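J.: First, the structure itself, so that you have it in front of you.
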């Protein structure tokens, strides 16, 4: 068989798209880690910030230097969606370009010189994901495609198109097959998962996200359910009740804050304010004390003042997130905020440093407080020094001494030591 080298940048949805690519090519290609031997070299791209876009061109330039004669290079994903032909202009050695909603055309692209497809219109063939899984222990399952939110800073609606919910019967069938193949954890994917069910093609049965969670939890063999990314605006009482009460749903919630300032949130077109976010987050803490909450934060949005930044710090200190993904504002093409005057980079960098430093203090305290507790850990990863790692039900990364026979098992672990990112312990059974 021919050899495929595949590099994936960005979010879990890109990981699932890459799995789809491998499934589409499985009859002709098998994966390799050696790029110099690959017959086909693919990079699946991210465009949420400017840095991954720059990385694309540096990476494919490096690929071109080590590729073997006769091999092909393809660019897929979100950057392919919005740059399109420009990729050929900047890197004429690239053989084809496939947008984020066009990966099902990979077989055609490989066989067609200078093939390009960046259409973001709805096509029901997008629902037919292949069965290849990068991990035998958990299954990423798309429940929706695209986004209709139009946040002022975000390019995703321009790269992934309008929001469409995948019919529940397709999702449930995919989850059932994954469990039959050994997965114990189902990880649901979408830009705004808790808006699921708002936009179906008309002939499909209507179902909201809360009902979908219940249906998946009833599949025999499903032991854990995770999902990303919910939108704070759609965290209604029904959703919170099912999240906290269903024993199959992992008690970790990603709540993308973006800013703690009501003014900046309005400028970002987020649809909620500081008070709404705090109400949802603190209610969740009260309903489910063991929950871990992660978030996204953008500092130095063009309209962010010092007082606005202080509002963000207030939310950080009040919610005490277990994890934050924080970045300086990065202007993206085709967005409402693209041409707004930027805040001085020194000020932006300082705000990011203050935010991350304070969160490190919060995280150190959180991790220290886990010592002595017992967590059920789902082991998925071999680490260095004879260790095996996995995730607790609340999404803490836990590492123990052990061998590969632990992989795929859920076992109780008593936590004995904590670093900022990892808990260390011993299996108690």
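Note that Cβ sites are derived from N, Cα and C of the backbone, with glycine treated the same way.
Computed from a predicted structure; not experimentally measured.
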J.: 11, 46 show up in Swiss-Prot as binding [4Fe-4S] cluster 1; which entry in 78, 147 does that record put in the same site?
T.: 78
J.: Starting from the Cβ centroid of 11, 46, 78, which together make up the recorded [4Fe-4S] cluster 1 site, report each further residue of the same chain whose Cβ lies within 8 Å of that point, ordered by sequence.
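T.: After dropping the recorded site residues, what remains is 9, 10, 13, 14, 45, 47, 48, 52, 77, 79, 100, 159.
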J.: Fewest neighbouring Cβ atoms within 10 Å: which of the binding-site residues 11, 147, 151?
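T.: Checked 11, 147, 151; of these binding-site residues, fewest Cβ neighbours within 10 Å: 11.
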J.: If you average the pLDDT over the domain 'MTTase N-terminal' (2-115), what number do you get?
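T.: Here the predicted model's pLDDT, averaged over the domain 'MTTase N-terminal' (2-115), is 93.
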J.: A 10 Å Cβ contact count, applied to the binding-site residues 46, 78: which residue has the minimum?
T.: 46
